[in-house]
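See structure below.
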Amino acid sequence: MRCIVLAAGMGVRMNSKYAKVTHTVCGKPMIRWILDTVLNLLDKVCVVVGHDADSVKKLLPENVEVVHQSQQLGTGHAVMSARNFIDPADNLLILYGDMPLITEGTIQKIINSHNLSNCDATVVSVEMNDPTGYGRIVRDKSGKFVKIVEESEASNREKAIVEVNTGVYIFNGRKLLEVLPMINCKNKKGEYYLTDVFAFLERVNIYKSERSCEFIGINNRIQLAQAEKFRRQWILEELMIKGVTIVDPETTYIDADVKIGRDSIIYPMSFIHGDTKIGEDCIIGPMTRIIDSYIGDRVTIVRSECKGARIMSDVSVGPFSRLREGTVLCNGVKIGNFVEIKNSEIDQNTKAQHLTYLGDAVVGKSVNIGAGTITCNFDGKRKNQTVIEDEVFIGSNTALVAPVKVEKGAFVAAGSTINRNVPAWSLAIARARQEIKLNWVIDKRKKEED
């Protein structure tokens, strides 16, 4: 069996400059949801592109064929554009690219139903409480297929039908090639409707699915949000079945490609996106955002943001920390409140607990970074590196003016501005000497009174 995915539409009701199928559901473009599902079952897949074709093509895997529909003149015209892909000796599955919820199991059931029916085509239908916008399935008194009528062409009686066409079909390839030239665009929209081919087919099977949620088509941002909610629920349920605790699924947002180990706990208002992997026995949240990051085992991240970071095991982050791209935290590191780290590697058992900025830094093992420490990494033209070797103690309110190195075991006194390298096991003090003027306040007040 072959498959054509229709992805040429502009999606006017999305009110977007981007092709409809490029919009994401749980971090994955709609077109990739449908293709990843289909390619698990079939290896011959063609995608029909049109509006914003280049953007759509960038999202397609290499093992699919691409056909360009130069004018968007309806679903029938889209299939005509791909007629060279249709094999008369093979069946053809047709799907829309804006159906990100359809599952592999449902597609397999549709295929099985068609194979058992010995019919020219199979139409997939569902019942909807509100069928507005969908073509209606018209049956005869015995329940057999009569026709599909598009809503714009339907009578009031036909509009009252709640069994709708999902836009998913299987055709006998030879039959479809025979009847495609018979359809025309003599209708209110001036389009070639693929549904018109059924008037020329004698044997049509109907597969009525009980899972209407899988066939939600995305035509506007409201439906996009509805699809996101369904898919998010399925993602969270799968994680919970695999041993992850989701404290409040209603306020937890996890993308499709995220991996989380068992016995980890995800607290409310956590947003975990992109290519993120979280190990076992972790505590994430509440109010935490993680993007494209690796997190080892037994890591705690509270009220913080991580993007493009690598965090090894037994690390504590937060609250109110920000880990930016290029951050690496090795085993046992502790990052506390209001700490920002960018493009820096922090070695084992080092602590930066309060009010710190580390940018473009290499920090060794068992280092203590005092509150208020900053690396002055930008000189106005380029970023410079700060190196802090093992067992260094950096006192509070220290400014490290890069490029600079603090060698092993050195101490930097609180309040210092360090702009020269500090030798190993040395004490660096770079601040003005304190001066005390006894009774200065009393003398000042006396002068003011005179």
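Every residue, even glycine, has its Cβ placed from backbone N, Cα and C.
Residues or ranges marked as active site, proton acceptor in Swiss-Prot (evidence: sequence analysis): His354. The UDP-N-acetyl-alpha-D-glucosamine binding site annotation in Swiss-Prot covers 6-9, Lys20, Gln69, 74-75, 96-98, Gly135, Glu150, Asn165, Asn219, Arg324, Lys342, Tyr357, Asn368. The Mg(2+) binding site annotation in Swiss-Prot covers Asp98, Asn219. Positions annotated as acetyl-CoA binding site by Swiss-Prot: Ala371, Ser396, Ala414, Arg431. The region 'Pyrophosphorylase' feature in Swiss-Prot is assigned to 1-221. Taken from Swiss-Prot, the feature region 'Linker' covers 222-242, and the record attributes it to sequence analysis. Residues or ranges marked as region 'N-acetyltransferase' by Swiss-Prot on the basis of sequence analysis: 243-450.
Closest by Cα distance to Ser396 (acetyl-CoA binding site), from the binding-site residues Gly74, Gly97, Asn368, is Asn368. Residues Ala371, Ser396, Ala414, Arg431, recorded as contacting acetyl-CoA, have a largest CA-CA distance of 17 Å.
Distance from the CA of the residue listed as 'active site, proton acceptor' to the CA of Ala371 (acetyl-CoA binding site) is 5 Å. Model confidence over the region 'Linker' (222-242) is summarised by a mean pLDDT of 97. Distance from the CA of Asp98 (Mg(2+) binding site) to the CA of Gly9 (UDP-N-acetyl-alpha-D-glucosamine binding site) is 9 Å. All protein chains considered, the CB of Arg324 (UDP-N-acetyl-alpha-D-glucosamine binding site) has 16 other CB atoms within 10 Å. Nearest in space to Arg431 (acetyl-CoA binding site), taking C-alpha to C-alpha distance over the binding-site residues Asp98, Glu150, Asn219, Arg324, is Arg324. It is Gly9, among the binding-site residues Gly9, Gly97, whose Cβ has the fewest other Cβ atoms within 10 Å in the structure shown. On a Cα basis, Glu150 (UDP-N-acetyl-alpha-D-glucosamine binding site) lies 16 Å away from Asn219 (Mg(2+) binding site). DSSP classifies Asp98 (Mg(2+) binding site) as coil under the three-state reduction.
Separation of the C-alpha atoms of Leu6 (UDP-N-acetyl-alpha-D-glucosamine binding site) and Ala414 (acetyl-CoA binding site): 65 Å, rounded to the nearest whole number. For Arg324 (UDP-N-acetyl-alpha-D-glucosamine binding site), the nearest neighbour among the listed recorded positions (Asp98, His354, Ala414), judged by C-alpha distance, is His354. Cβ neighbour density within 10 Å is lowest for Ala414 among the binding-site residues Leu6, Ala371, Ala414. For the recorded acetyl-CoA site, residues Ala371, Ser396, Ala414, Arg431 set the reference point as the centre of their Cβ atoms, and the other residues of that chain within 8 Å of it by Cβ are Gly370, Gly372, Thr373, Gly395, Asn397, Thr398, Ala413, Gly415, Ser416. Neighbour density at the Cβ, taken as the number of other Cβ atoms within 10 Å, is lowest among the binding-site residues Asp98, Glu150 for Glu150.
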